[in-house]
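Have a look at the structure below, then the notes.
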Amino acid sequence: MAVSVDEAVSAGPAPDHPSPARRVRRRGRGRSVLEVVLLTALAVVMLFPVLWMIETSIKENRDVYAVPAEFFGFTVTLDHFRDVFVGADGGRSALSVAFLNSVVVAGVSTVLATVLGVPAAWAYSRFTLKAKKDQLFFVLSTRFMPPVVVVVPIFLMYRQAGLIDTKLGLILIYAAFNVPFTIWMMKGFVDEVPAEYEDAAMLDGYSRLQAFWKFTLPLLVPGIAATAVFALIFSWNEFVFAIFLTSSDEVRTAPPAIAGLIGGTTVDWGLVAAASVVFALPVLVFAYLVRRHLVAGVTLGAVRR
Amino acid sequence: MGTVAVQGLCKSFGKVRALDGVTLDVPDGAFFVVLGPSGAGKTTTLRAIAGLDKLDAGSVHLDGRDATADAPAVRDLAMVFQNYALYPRHTAYENIASPLRARRRPAGEIAAAVERMSGLLHIERLLHRRPAQLSGGEMQRVALARALVRSPRAFLMDEPLTNLDLKLRVEMRTELTRIHRSLGATFVYVTNDQVEALSMADQVAVLREGTVQQVGTPTEVYERPANQWVAGFVGSPPISLLACHAEGDRLVGEAGWTLPRPRWATAADGQALRLGLRAEDLSVEQRGDASLPGELYGLEPLGDRTVVDVRVGTEILKVKARPTVTGTPGERLRVTVDLDRAHLFDAGTGLSLSAAGR
Ligand SMILES: Nc1ncnc2c1ncn2[C@@H]1O[C@H](COP(=O)(O)OP(=O)(O)O)[C@@H](O)[C@H]1O
Ligand SMILES: [Mg+2]
C-alpha cells in the first residue's frame, strides 16, 4: 500500500494536477491510485459505525454478543424493528410515541422559525433600520452559546411558566434557536433577489406586503426549503434541551428516548440499533435535500441576472 | 390631468447627498427630461416621485395634491426601470397584464389592453416568453408595454434606452416621441444622453450632484446654458472654454490673443472669465475679423463633418469643419469666431454672464 502511495506521488505534478478540462474527462474513467486509497480509508472509518449499527439492528440478540463478531452469515431478523414500533403488550411502543413527538416538535418548531424568520430576513434586507448591523450581530450572538450553557436558566424559567415536560416548551425553545439561523441564512437569499421586482409591483398597484408575497416569496422557495431543512435537522437531532426539559414518555422526543434504552441492567442492543437506524433515516433524506437545494440556492442569483 | 411637482427634495444615503433640494415642475402632457451624468441623482428623483424611498425633506404634489405620504400604489404612476425589473417567473403577457391585474380589471379588458399594447410595440410574438428568453431590446419593449398598458397620471422612465445598441436606441427615440404625442400623457424621462434630451424633450432639467442646474427648453439649455457646467455637459463635441478677461473694449486671452468684447459682456475689467465657444460657431475658414491664432492639433473625421482640434496657447478648441478639410498637425491657422453666439462665464462662480444680456 505504501508503495502505491509513493508511486502516485513520485509520478510528478503533471499527471497529478491535470488541467480542469482533463480532470472532467477523467472523472468517469477512474481516479488516481492515491485518491482511491484515501477515499477507501476515509469511507471505512466513516461508515464502519453506521454499518455496525445496521448489522446489529438485523441480528438476533445472541449474535450481537458473538465473539469474534460475525460480519456475514448470521440469521437476519426484523424483530428489532417491530419492537421499535410495537410494544410488548401489542400496543404502540414508547419509542414510537417518541418518534411521533420528534416529528411534531421538529416540524412545528421549524414552521414557526420559518414563519417568523423569513419576514424578518426580508425586513433586514429591504429596509433601512437603525443600527441594523448591530441588530443582526445581536441576533447571531444568541447562537454563540452552546445550549448546555443556558439550559439551567431556561429550566428555571420554564418551571415558572409551566412549560416543563411539554411539547410546546420544546417547540418554543427550538424555534427560538432556529429563528436567528433562519434570519441569517434567509437574508442572504433575499439580498440576492433584486428589490426592484417589489418596486415595480408597488407601482403596478400592489401594497408592499402583496409585492413581497406575490413576487419575491416565490423566488425564495429554494432558499426557504434549504433553510427549513437545516432547522429541521437541528430540532430533530437536539438532545440537551430535550433531556433536561422533558421526562415523561408521552412528551419525550426520540434522542432522549433512545438514550434511555441504554443503562438498564441488560441492554437490548438490537433494539437500540434499530431505533437508531429509524432515527437516522430522515436525517439522511433531509441532508440529501439540503445538498440539492443549496446548489439551487447558490445559483439562484446567477441564473436570473 | 397629470402634473407632477416636487419641491425641495433632499435625500442622503449615508454621507452621499443624492438629492440636495431638487425642485421641478412638470406640466400636464409634457415630455419632461431630467438630464444628468451618472450619479447625479436622476434615479433617486424618479423614485421620490414614485414614492419608493423615504425622503429626508421635500414634498411631492401630483395634480396639485400633496402626495408626499402616499404609498406608490395609490399615486397612479407607471415606471420603466433602468434595468426593466421584469418579473422573472412571469411571461411577457403576465408582466404586461400585471398593473391591470393588480387593479382588478376584468379579464376581457386586460386581454384587450395587452393585445393593443403588444401591437403598438410589435411584441405579439413574444408574449408567451419569460424575461430570460428575451433580448435587451425585447425586454425594454415589454417593460414599456407594462407601463403603457394603463393610463396613469404620469409615466416615469429611468434611462429606458441606455442599455440598447445605438441603432435600436435611435429607432426607439422616434417611437417614444410618437407614443408620447398619441397619448398626450405626462412623461418624466431620465437620461444621461444629451442627444436624447435635446431631441425628445419639451423641457429639460439639468441635474448635477443632486441639484438642478437649469430648467428650460432644449434650445434654451443648449443656446443659453445657465453656467459653465451645463455648457460643458450639453453639446457634442463639448464646448471649448478659454480663460480670459475683459480689458476696455477687448477680451484678452490668457494665451495672449485678443477679440472684440461683445456688447452684452457686462464683466468688470480684469475679472477672470471663461469664453465658451461651440464647435459650430467656430470655423477654420477666413470669414470675419474676430479670429484666434492657433495651430492644428488633430483631425477627427466623423463622416458628415470633421472636428478640427486647434491648439490656442495651452487650450484646445474644437472646431466643426467640412468633411473635406485637410491639414498637417503643427500647421498654423486662424479660427474665426462667431462672437454673437459665444458664451461668457464667470471663472469663479461658473455662472453665465451672457444669458442676462441676450
Ligand atoms: N440605495 C443607495 N444606497 C447608497 N447610495 C445610493 C443609493 N442609491 C443611490 N445612491 C447614491 O446616490 C447618488 C445618486 O444616485 P442615482 O440617483 O442612482 O444617480 P443616477 O440615477 O443619476 O445615476 C449616487 O452617488 C449613488 O451612489
Ligand atoms: Mg440611474
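Start at 1 and count along the chain as shown; that gives each residue its number.
The backbone N, Cα and C atoms fix where each Cβ goes, glycine too.
All annotation found in TrEMBL is predicted automatically rather than curated by experts.
Annotated features in TrEMBL:
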type	residues	note
DOMAIN	A:99-290	domain 'ABC transmembrane type-1'
REGION	A:1-26	region 'Disordered'
TRANSMEM	A:32-54	transmembrane segment
TRANSMEM	A:99-124	transmembrane segment
TRANSMEM	A:136-158	transmembrane segment
TRANSMEM	A:170-190	transmembrane segment
TRANSMEM	A:211-236	transmembrane segment
TRANSMEM	A:269-290	transmembrane segment
Inset, instruction - Report yes or no: does the transmembrane segment (A:211-236) come within contact of the transmembrane segment (A:136-158), defined as 3 or more CB pairs under 8 Å with a sequence separation of 6 or more? - result: no
Inset, instruction - Return the stretch with the most CB pairs under 8 A relative to the transmembrane segment (A:170-190), choosing among A:32-54, A:99-124, A:136-158, A:269-290. - result: A:99-124
Legend entry - Same-chain residues near the transmembrane segment (A:136-158), Cβ under 8 Å, at least 6 residues beyond its ends: 124, 164, 169, 173, 176-177, 180-181, 183-184, 187, 238, 240-241, 244-245
Legend entry - Distal contacts, the transmembrane segment (A:269-290) - CB-CB under 8 A, six or more residues away: 50, 53-61, 64, 79-81, 83-84, 95, 99, 102, 225-226, 229-230, 232-233, 236-237, 254-255, 257-258, 261-262
